[in-house]
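So the structure is just underneath, and the comments pick up after that.
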Amino acid sequence: MGNTNSGTYVRVFANDSVWMEDSAVEQLQTTARNLSAIRAAVGLPDLHPGRGYPVGAAFFSINHFYPALVGGDIGCGMQLLETDLASHKTSPSKIEKALGNIDSPLPEHSITPATYGQLEQLAQQAGDTDLRYLLSMLGTIGGGNHFAEWQAVDAIYEEGVLNKKQLYLLVHSGSRGLGGAILRQHVERFGHAGLVADSTAAKDYLDQHDAAIGFAQLNRQHIASRMLRAVRATGRCMLDVTHNHVGVHQWQGQQGYLHRKGATPSDQGLVVIPGSRGDFSYVVRPVASRHDALDSLAHGAGRKWARSDCKGRLKPRFTLAALQQTRFGSTVVCADKDLIYEEAPQAYKEVDGVVQTLLDCGLLHLVARLKPVLTYKKGAMACC
DNA sequence: ATGTTC
């Protein structure tokens, strides 16, 4: 599916194996039309409506870029670690007990001087942000679709990448409040008009943007390491990939800016496409140089239901306890009752359809399929 | 997404 809209390349990667809302496609087209510097817009199979702009999409612009298109969670991404825990030696209940309440701010004595130095540098680069603010968020998962999930290997498609016997840890989180603060500050001055490339304002934003990317990555590292420590395991980072960002990019021989809004890069090696908390996650090898897809893949399953619809639809059919277990026998730890409904597997597309669509389009090769053992969404200290 | 938002 593709069309040319007053010179703008707009394409949606979809087929019968994936649900896609018309309103999301409309949002993609409207965005491509209304933001005048945009030359190309791509919807991935996880495309779904967002606040003004769709999620699961990539946009290429020339001479101008749009911070509002990236949104508030600058630097949000996935980190996958191979742990030294053997899958068969553990269980959801053992991990849950060992983790305890692990989503509160890190105790200050556990912050190393090196981390402290990194935070000081990031706080300054982000625009004189309060260091204490960053410290209070470091190592916390956040809300929405963020999680840290212990996973077992369910299937191997390409040998020699994942180890069938090991447990893996997937961390999905972002820059927490920092990216939101940077966006708010930007929108107060410039609204949604975007910035002229190479202007002072553009350089200032990109500097802050990069600080948010750095903080998000540091945050994922700390989420992972505190969890590994709690279960007395170690981990090896296999990939850490950001799906909300903007940066210089080439497209059709022209230099411009690529915005990814819930879109995983396909030009940075292996990536993971997670399903919902009651579904598989796929480690995949992107096919390189698919510029027709703006070098991007789906970043997950994508929402099927609006958050506001979930509780009404699920409460009559499921108890909270039922939603804290999944069809795999995995456990979902989440102290926020509303969030359990909003993040229920029923609220998401089936990841198999999303991945099948990308396979059919020739955008990736499968490496492995992971299934959840325990998902940590939000601890009691982190909410209420 | 969110030191949410009164």
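Glycine is no exception: its Cβ is also placed from the backbone N, Cα and C atoms.
No curator has checked TrEMBL annotations; they are predicted automatically.
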- Task: From A:Ser225, A:Ser266, A:Ser281, grab the residue that TrEMBL records in the same GMP site as A:Asn145, A:His146, A:Phe147, A:Ala148, A:Glu149, A:His243, A:Asn244, A:His299, A:Gly300, A:Ala301, A:Gly302.
- Result: A:Ser281
- Message: Can you give me the Cα-Cα distance between A:Asn244 (GMP binding site) and A:His299 (active site, GMP-histidine intermediate) in Å, rounded to a whole number?
- Response: 10
- Query: Sequence gap of 6 or more, C-beta under 8 Å: which same-chain residues meet both conditions with respect to A:Phe147 (GMP binding site)?
  - Reply: A:Ile141, A:Leu170, A:Val171, A:His172, A:Ser173, A:Arg277, A:Glu343, A:Thr375, A:Tyr376, A:Lys377
- Query: What whole-number distance in angstrom separates the two most remote CA atoms of the GMP-binding residues A:Asn145, A:His146, A:Phe147, A:Ala148, A:Glu149, A:His243, A:Asn244, A:Ser281, A:His299, A:Gly300, A:Ala301, A:Gly302?
  - Reply: 20
- Item | Cβ-Cβ neighbours of A:Asn244 (GMP binding site) (radius 10 Å) | 27
